[in-house]
Amino acid sequence: MALEKSLALLPLLVLVLLVLGWVQPSLGKESRAKKFQRQHMDSDGSPSSNPTYCNDMMKRRNMTQGRCKPVNTFVHEPLVDVQDVCFQENVTCKNGQANCYKSSSSMHITDCRLTNGSRYPNCAYRTSQKERHIIVACEGNPYVPVHFDASVEDST
């Protein structure tokens, strides 16, 4: 009797395991768009003269785990404005790809650079506030930023 009940539940167990095996790899995997937002967007943070901004943000955004990320840029503009860059001037990316776009207007950014002699786990960054055009790589559907390629000064 117990064996019959166990055998009746076997197909259900197999189905559950198959679904878990299919869904599980995507659980916890950050999309490229979400990674871009985590690493580069700080819409709420207004640029300030806080000299520890980069040290704090790089740690808070998990970019000092296992190593010190040498360079990072935070953009202090609304996410929708940064996403709109994907439909502005098409430029060639540093790696030669053709999916980069340059913002039509300058944006408030913070440039974070690892200081000389700084080593993991004591990552120390130099914080620089700038107003620059940004260049981002875009992909997907919807077409959104997935990589911060560069920032450039106004060419006027």
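One is the number of the first residue shown, and numbering goes on along the chain from there.
For all residues, glycine too, the Cβ spot is worked out from N, Cα and C.
Residues or ranges marked as active site, proton acceptor in Swiss-Prot (evidence: similarity to another entry): His40. According to Swiss-Prot, the feature active site, proton donor maps to His147, an assignment based on similarity to another entry. Annotation comment: Swiss-Prot describes Lys35, Arg38, Lys69, Pro70, Val71, Asn72, Thr73, Lys94, Arg113 as substrate binding site, evidence class similarity to another entry. Residues or ranges marked as compositional bias 'Basic and acidic residues' in Swiss-Prot: 33-43. What Swiss-Prot lists as disulfide bond is Cys54-Cys112, Cys68-Cys123, Cys86-Cys138, Cys93-Cys100. According to Swiss-Prot, the feature N-linked glycosylation site maps to Asn62, Asn90, Asn116, an assignment based on sequence analysis. Here Swiss-Prot flags 33-52 as region 'Disordered'. Under the heading signal peptide, Swiss-Prot lists 1-28, citing similarity to another entry as support.
Here the features listed in Swiss-Prot are painted onto the structure.
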residue	record	Cβ within 10 Å
Lys35	substrate binding site	13
His40	active site, proton acceptor	19
Cys68	disulfide bond	18
Lys69	substrate binding site	18
Thr73	substrate binding site	20
Asn90	N-linked glycosylation site	12
Cys93	disulfide bond	16
Asn116	N-linked glycosylation site	7
Cys123	disulfide bond	21
Cys138	disulfide bond	20
Round to the nearest Å and give the CA-to-CA distance linking Val71 (substrate binding site) with Cys93 (disulfide bond).
17
Secondary structure composition of the compositional bias 'Basic and acidic residues' (33-43) [DSSP: H/G/I, E/B, coil]
8 helix, 1 strand, 2 coil
If we count other C-beta atoms within 10 Å, could you say which of the recorded positions Arg113, His147 has the fewest?
Arg113
Which recorded positions (Lys35, His40, Asn90, Cys100) fall within 10 Å of the residue listed as 'active site, proton donor' by Cα distance?
Lys35, His40, Cys100
Of the residues named as substrate binders, Lys35, Arg38, Lys69, Pro70, Val71, Asn72, Thr73, Lys94, Arg113, how far apart in Å are the Cα atoms of the most distant pair?
22
Distance check, please: Cα of Asn116 (N-linked glycosylation site) against Cα of Lys69 (substrate binding site), rounded to an integer number of angstrom.
13
Most Cβ neighbours within 10 Å, among the disulfide-bonded residues Cys54, Cys86, goes to Cys54
Pop the Cα-Cα gap between Cys100 (disulfide bond) and Cys86 (disulfide bond) into the table, whole Å please.
8
Measuring C-alpha to C-alpha, could you say which of the recorded positions His40, Cys54, Asn90, Cys93, Cys100, Cys138 are within 10 Å of Arg113 (substrate binding site)?
Cys54
Thr73 (substrate binding site), DSSP three-state class -> strand
Inter-residue C-alpha distance, Cys112 (disulfide bond) and Cys138 (disulfide bond) (nearest angstrom):
22
